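Feature list (source: TrEMBL):
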TRANSMEM  A:12-35  transmembrane segment
TRANSMEM  A:42-62  transmembrane segment
TRANSMEM  A:68-87  transmembrane segment
TRANSMEM  A:146-172  transmembrane segment
TRANSMEM  A:280-298  transmembrane segment
């Protein structure tokens, strides 16, 4: 029982990170109808930027952990958002209106470019970060001597994710920008005829997705204590899976999908074998898609007349 | 505010939109051929013609869907003149003040009726929300702008009789209501010209009468000029001040409804008579009149 509880905690933490990345996939898909394959690498860039910001701040003498963390969060979000904006501007906007596969190919190209750029600039080796937030928020010893613990890092991850997801859902539901995004999602031409700057709305969508991915990058860094140039690929594919599982285009779907993938992976590693955790996650994806092709919360594709 | 194009021609005071020698070619097909006409302030102008005459193409040029092959489209708003063919998609609405509906309904079906009208007020709201940041934090300036937007939207819902359905998804409305909601949404962008592509298509006679009343009130109360494409002659003849007739991409008649109704070329175009027979039709009409 204690073992189960511990795995649940770990799964929710991992799932939060996937969920944050998945939102970026799902939003971009919703509004432009393309899969931004470079998004996982934007997440990786976010992790690196967070690490660099952390080291810079420590060197400058900012040692109070909460202050430093808040600053790192803001800096990483800002700079990664800039990356997201640039990627859209350079690789996708010029291809808008071209055939459907063109931006997909340039997305893959962008992904490879980001990976290699970081590899060249930062070196191929794993970059460690010493534990920044040590200690446990809560722990209790069960009957069998097994300790269930929620670490402070896990609390930070889950709490930040929750806050961001609520803020983000409000933004989409209540603000003019969110309305514009939903309008562009349904009918871009009509939206522009109502005075909505579609290009800018799409840019802002990429900016928001990238900012959330950078938060995920920071959380990943805090949780695992390492980043390398390749983490974006696996995490990106997982988050993409989460978005598809939840129903691509649906925000709550991305969050739920992320949680599910995190939980599946953790429980599979805990009870079966860690080597096959990816197989488990993707097998479940396949099964879900066979029976629910539009994902858990996705709307079935309706033919436009 | 945005300034107009300095090299745009000055229009006479009563002319709001001037279409000059508009030509649109698609490969070898000339869809619109050297068409010129004016849309005057405070008038309802109807654009009619048989199927395939090029009416929707003219609309598409005015609203920025197509860049005209040749021609000049000048719009006068306040003391500024805009060349429409130079404006980007969203500027057609935002700067020039042109709103449009389509032959098929293009509401945002997944949004509520009220939200559809708020989306149309995106530009002022976005400004008030300081690029969203102030909006998220609910600054008083934004809250005020949003209240005003909701008031305006509700005013329109009252006018089209849909206030009770404000929070329903737009896709759930009956067809006739969706048509009127589209017009209200277009009006929420604060246009100076409202372009309607077959607004009466598929309406029953009573809905059609409601539409006439709505368009008349838009002309009288809001002072917005209306340019409409319509096949329903009861709508055209009853409410329009000025009718422009196209046939095979050419302008064949431009005048009051009474004038157009009697024009032999128009009758010939609608009945599908060859050019050589036009004179004969003309004679027949004269005989019948005498």
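Backbone N, Cα and C define each Cβ position, glycine as well.
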Under 8 Å Cβ-Cβ from the transmembrane segment (A:42-62), and at least six residues away from its ends along the same chain, one finds 21, 24, 68, 71-73, 75-77, 79-80, 83-84, 87, 114-115, 118, 122, 127, 129, 132, 209-210, 213-218, 220-221, 227, 229-232, 235-236, 239
Folded-back contacts onto the transmembrane segment (A:12-35), same chain, C-beta under 8 angstroms, at least six residues removed | 42-43, 84, 92, 96, 100, 103-104, 107, 154, 157-158, 161-162, 164-165, 168, 181, 184-185, 201-202, 205-206, 208-210, 212-213, 215-216, 219-220, 223, 235-236, 238-240, 242-243, 246, 248-251, 253-263, 265-266
By Cβ distance under 8 Å, which residues at least 6 away from the ends of the transmembrane segment (A:68-87) in the same chain are close to it?
-> 24, 36, 38, 42, 45-46, 49-50, 53-54, 57-58, 62, 110, 114, 132-133, 156, 160, 203, 206-211, 213-215, 217-218
Within the same chain, the residues 6 or more beyond the ends of the transmembrane segment (A:146-172) and with Cβ under 8 Å of it are 2-3, 5-6, 9-10, 12-13, 16-17, 19-20, 23, 69, 73, 133-140, 178, 181-182, 208, 212, 215, 219, 222-223, 251-252, 255
